[in-house]
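Before any comments, here is the structure.
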Amino acid sequence: MNRLAVELPGLQLKNPIMPASGCFGFGKEYGNLYDLSVLGAIMIKATTLEMRLGNPTPRVAETASGMLNAIGLQNPGLQGVLEEELPWLKQFDVPIIANVAGTETEDYVEVAKAVSAAPNVKALELNISCPNVKCGGITFGTDPEIAKELTKAVKAVSQVPVYVKLSPNVTDITAIAKAVEAGGADGITMINTLVGMRLDQKTGRPIIANGTGGLSGPAVKPVAIRMVYEVSKVVNIPIIGMGGISETADVIDFLSAGASAVAVGTANFVNPFICPTIIEELPAKLDELGIKHISELIGRSHRL
Amino acid sequence: MNRLAVELPGLQLKNPIMPASGCFGFGKEYGNLYDLSVLGAIMIKATTLEMRLGNPTPRVAETASGMLNAIGLQNPGLQGVLEEELPWLKQFDVPIIANVAGTETEDYVEVAKAVSAAPNVKALELNISCPNVKCGGITFGTDPEIAKELTKAVKAVSQVPVYVKLSPNVTDITAIAKAVEAGGADGITMINTLVGMRLDQKTGRPIIANGTGGLSGPAVKPVAIRMVYEVSKVVNIPIIGMGGISETADVIDFLSAGASAVAVGTANFVNPFICPTIIEELPAKLDELGIKHISELIGRSHRL
Amino acid sequence: MIIQDQMTVIAQSRIAENIFEMQLAGKLVGDITSPGQFVHIRTADSFEPLLRRPISIASVDKEAGQMTIIYRAEGRGTTILSEKRDGDVVDVLGPLGNGFPLEETESGETAILIGGGIGVPPLYELSKQLTAKGVKCIHVLGFQSSDVVFYEDEFKALGDTHIVTVDGSQGTKGFVTTVLAELGDNFSTYYSCGPMPMLDAVQRLYVGKKGFLSFEQRMGCGIGACFACVCQTTEGTTKPYVKVCSDGPVFPAGMVAI
Amino acid sequence: MIIQDQMTVIAQSRIAENIFEMQLAGKLVGDITSPGQFVHIRTADSFEPLLRRPISIASVDKEAGQMTIIYRAEGRGTTILSEKRDGDVVDVLGPLGNGFPLEETESGETAILIGGGIGVPPLYELSKQLTAKGVKCIHVLGFQSSDVVFYEDEFKALGDTHIVTVDGSQGTKGFVTTVLAELGDNFSTYYSCGPMPMLDAVQRLYVGKKGFLSFEQRMGCGIGACFACVCQTTEGTTKPYVKVCSDGPVFPAGMVAI
Ligand SMILES: Cc1cc2nc3c(=O)[nH]c(=O)nc-3n(C[C@H](O)[C@H](O)[C@H](O)COP(=O)(O)OP(=O)(O)OC[C@H]3O[C@@H](n4cnc5c(N)ncnc54)[C@H](O)[C@@H]3O)c2cc1C
Ligand SMILES: Cc1cc2nc3c(=O)[nH]c(=O)nc-3n(C[C@H](O)[C@H](O)[C@H](O)COP(=O)(O)OP(=O)(O)OC[C@H]3O[C@@H](n4cnc5c(N)ncnc54)[C@H](O)[C@@H]3O)c2cc1C
Ligand SMILES: Cc1cc2nc3c(=O)[nH]c(=O)nc-3n(C[C@H](O)[C@H](O)[C@H](O)COP(=O)(O)O)c2cc1C
Ligand SMILES: Cc1cc2nc3c(=O)[nH]c(=O)nc-3n(C[C@H](O)[C@H](O)[C@H](O)COP(=O)(O)O)c2cc1C
Ligand code: FES
Ligand code: FES
């Protein structure tokens, strides 16, 4: 028995640990550091229909126990991803979750249709929550009805299960979660970044050229845990949790809160070996907690 | 000329630094440590109609660069505040901002009416954003229409200017800000805490007895700065900014973002002398920035 | 008076598994008034960990201007504290709270001091002062196992000392109450500090006896302003609640609702 | 190969106002391939400061397994770094990026090395290696004022060295271009590292000459995965953008849109 194996719609995970979208590119750079086959899955950088060059720099700024980013979904576009990135990733025994972004329903649908047909793409992650692009992105993630319709449209064309990535910048995240579930989502990934800003001390102007950026890292973990906890109480589809995971103990927290698997974002920048390190440390952690299989932890916070 | 003096509705501030509500009790404890007359103002702990005993303990939990609290508005009630706390504070030359909380419009109104008549209360802070009480509090802070109506009702009875304290746990904080401005608010204070949760590693259960708590401290500063920036662009009433202020540089940031004064919360627990320290350090900081009067900093981020 | 002092680490050593003894020098020492008071320590000049850590004062040398604390390095803050070296400066707020009342036991009388784990340290200064006053002190100190037992000799030098371990690896096997039951109630006052279940058990055993218990709660400010550390009181008490940091941490037995 | 090494601080000293020189030992040194590469340093074992800091490698001693970095202690991370003591361990990711191409200058030719402020350090190893190869190096080093000038003697030992300060407190008063204009263009290659306005000015002065510039950008990962450090390229370049961390930090003059 593999104590760490978790099965989710479309995904047979060796372990519940995967890098989060945008924090791992398309795997090449980390592939130089370790064997990507050890990972549970890989969430690749957002793919849009056309190539995007992203926002002006500076694109990142450090904050207390966190960072802001406004990359602006820079990516090689659908063709580049299909022709170069995904084929390169085939050498690894690891399911790919393709993060799909767009400006209007049509381009989400077109990207979803094409990318879901790639052989190693086992699930889509519908990015309705990117705070760093002018139109689209987050607007889809803040209105339950729009989120539901987009989910439906993408489900209609996708050849693999669809996970919807939720934005934390909302009054009631459970309403969005229920809406995407009603729209046919197979799972939820959460949270994307909180919108934040840092100013330059001397000039008083925003450091990030885009003005605002998305806050990630340990600072946001309490908000992410709360939201996973709330959402897991009201939906019947699995959650891949993220937001500030930096060490093995954080994984335990997200599973306890109700996630079935987790993604690690910002921590890859702090420690590029963080994913394999956590995977290695997990069995000992389970022993310490007196737990046989990792799935026993899922939703533990709700039980008494 | 006092380089630090700021004038706001109802408030002649010697300097723009004041302790935030709930982080300074009713001043007695910090009054043992330093002369409270050095402060720009004091925001006292939330006052409700009846005495409240608050939530079960544990009520606080530490997070990365932040803390969660779920005190639950424990306070001696209106009579206690009027008869004991406010009279004690009269010995200091410092304006008091009374934080008013309730469950329904009626008790907000009753407390506002009575407390605004106290001679040293120079302004009210309407707490429509406390995440730690079952009903009332935050629900008033997430619906613009309800927020506006409550503001109107309180304005109708208050003898002093009314500042409304906004919750950051909303999709669009500018909508709430515009609504309370339309309801007659004289100013805005922001932000209250972000709802978060921390779990116990061993049991998987929430550490805070109440389950969720309000996140404060340096971790939330980027979110607070972003919100002050956004709100200051759309309202014509002044903002008292807060959220993670821990050092003099943070004050500069909040003023640059668009606040006219600031409040310091969690940092009082880390360094009980933080308010007087910042007040002392401000003039040198102004020199460093080549600025004559602190008000020149207000809204600097918007100008270019 | 409460001050925020930049105290200097004079010595630090590991005295049991994960248990550290640290000596600190600074003018704060001059303000310590009673055993059982605590200090609130900022362990790093960083926002992470953010909050101060409450730690009891284990012993005081007013002449040298030094005090000793004993703590378990467990979480982030205490682990960082355990890495301080001689000469490092530590930001300490204190002395805080009200300690154990010495005046409740007369010279010639007997007091039982009951400690559990990291609740043991403040009893050391208490015992020193009670003994100096002519009180006969009996110490009952409970630990998890022999690895984490500390200060046995120090307490022995002051009076009868019974070590109890949960796994029986040292002293009596069991809980402090195992020994207390045997000792009987031929004493005038008991003083106790340790985990809540222990305080509860001790209090139940000694119904009707004069006793003082030191409590723990998670803290924010440490000085009474934030209402984080509140405990409900039992019926018949004049106040509906008390704050562990400023009203306590020591309360008469029976006052706090456990 | 890029490794994450726990390197040991061998020595650290303040060599000018807020400027520190730190020697580090570890196996990462064995992987350094060219001058101008950098390392990404985690300054504290804490979440605050969270991100690594990119710092150039200033010199390398492969036999001793040691390297030197020179940095300005300004913000939180570099200030913490400046407090490290001998024997402390520092988490270093590297070597990163592609350095200055030595092969672009032949033995016997002349190269001008132009540095500004904390852009000066990587030029030192570059000069050592060019000189060793038989290239004649001329150094033009610009600083704010005399307080922050460093390594003047070290560079002088390798070749002609012109110090320029903005306030004229040492060497020529003005900017590096003040001196460059006088030196003329009787050289085969120029190499430069410093603030963007300086790189821009140098590039404009030397239109048509063969040059290599080292750029700075705020970074996330440091290894090419996060797209934080992207620069647009000029028209006619095959790639629409480059990443400073993994494609650079050194690029041929004219390639990056400034
Ligand atoms: C009045 C008082 C006196 C104390 N005296 C001692 C002593 O002499 N020696 C000793 O080893 N311990 C003592 N403790 C307990 C000590 O405060 C905690 O063990 C310590 O705060 C844990 O910090 P950490 O960094 O190890 O853990 P973390 O897990 O990093 O702590 C996270 C947060 O929880 C709080 N916390 C965790 N456990 C406790 C606890 N048991 N009590 C209060 N807050 C807690 C921390 O202060 C911090 O805010 C005392 C507690 C109180 C209230
Ligand atoms: C390839 C490269 C090589 C460098 N080599 C050196 C060197 O040899 N010596 C030296 O003193 N400095 C060098 N720098 C600049 C150095 O990285 C920054 O001065 C440093 O990161 C500032 O950190 P801090 O903790 O002082 O400031 P903080 O203000 O605390 O930094 C906050 C954040 O902004 C980033 N940041 C701030 N300024 C810069 C900057 N100029 N460039 C990139 N990121 C920045 C920090 O990395 C951090 O993420 C180099 C930069 C790059 C990109
Ligand atoms: C630099 C950076 C780029 C990101 N890009 C994307 C993206 O392209 N698509 C997406 O859905 N999320 C993106 N995110 C969000 C992360 O996937 C993740 O949801 C968030 O950072 C919270 O996790 P963390 O705290 O572990 O980083 C990005 C985050 C960072 C820091
Ligand atoms: C322990 C604690 C108690 C608080 N109680 C109140 C309160 O009674 N009323 C209120 O409006 N805000 C309350 N707040 C919120 C603060 O006033 C402030 O808005 C928030 O903490 C953000 O500022 P900070 O990061 O500086 O702490 C409380 C915050 C803390 C940490
Ligand atoms: S810790 Fe703040 S009141 Fe006790
Ligand atoms: S810093 Fe991440 S791509 Fe360069």
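Going from the start of the chain as shown, residues are counted 1 onward.
Even glycines carry a Cβ here, placed using N, Cα and C.
Because TrEMBL annotations are produced automatically, they should be read as predictions rather than curated entries.
Per TrEMBL, the feature FAD binding site maps to D:Arg53, D:Pro54, D:Ile55, D:Ser56, D:Ile70, D:Tyr71, D:Arg72, D:Gly77, D:Thr78. Around the Cβ of D:Ile55 (FAD binding site), 24 further Cβ atoms fall within 10 Å across all displayed protein chains. In the three-state DSSP scheme, D:Ile55 (FAD binding site) is classed as strand.
Counting every protein chain shown, 28 other Cβ atoms lie within 10 Å of the Cβ of D:Cys226 ([2Fe-2S] cluster binding site). Per TrEMBL, the feature [2Fe-2S] cluster binding site maps to D:Cys221, D:Cys226, D:Cys229, D:Cys245.
Feature annotation from TrEMBL assigns domain 'FAD-binding FR-type' to D:2-102.
Comparing the Cα of D:Cys226 ([2Fe-2S] cluster binding site) with the Cα of every entry in D:Arg53, D:Ile55, D:Ile70, D:Arg72, D:Thr78, these being the binding-site residues, the smallest distance points to D:Arg53.
Only D:Arg53, D:Ile55 of the binding-site residues listed as D:Arg53, D:Ile55, D:Cys221, D:Cys226, D:Cys229, D:Cys245 bring a Cβ under 6 Å of any atom of ligand 2; the order follows the sequence. Apart from D:Arg53, D:Pro54, D:Ile55, D:Ser56, D:Ile70, D:Tyr71, D:Arg72, D:Gly77, D:Thr78, the residues listed for FAD, the same chain places the Cβ atoms of D:Ile41, D:Ile69, D:Leu81, D:Ile118 within 8 Å of the centroid of those Cβ atoms. For ligand 6, the neighbouring binding-site residues among D:Arg53, D:Cys226, D:Cys245 are D:Cys226, D:Cys245, by Cβ distance under 6 Å. The Cβ of D:Cys221 ([2Fe-2S] cluster binding site) has D:Ala228, D:Cys245 as same-chain neighbours under 8 Å, each 6 or more residues away in sequence. In the three-state DSSP assignment, the secondary structure recorded for D:Ile70 (FAD binding site) is strand. According to its DSSP assignment, D:Thr78 (FAD binding site) is helical. The two recorded residues, D:Ile55 (FAD binding site) and D:Cys229 ([2Fe-2S] cluster binding site), show a Cα separation of 15 Å. For the pair formed by D:Cys229 ([2Fe-2S] cluster binding site) and D:Arg53 (FAD binding site), distance between Cα atoms is given as 13 Å, rounded to the nearest Å. When the C-beta distance to chain A is held to under 8 angstroms, the binding-site residues D:Thr78, D:Cys226, D:Cys229, D:Cys245 reduce to D:Cys226, D:Cys229, listed in sequence order. The Cβ neighbour count for D:Cys245 ([2Fe-2S] cluster binding site), using a 10 Å radius and every protein chain shown, is 26.
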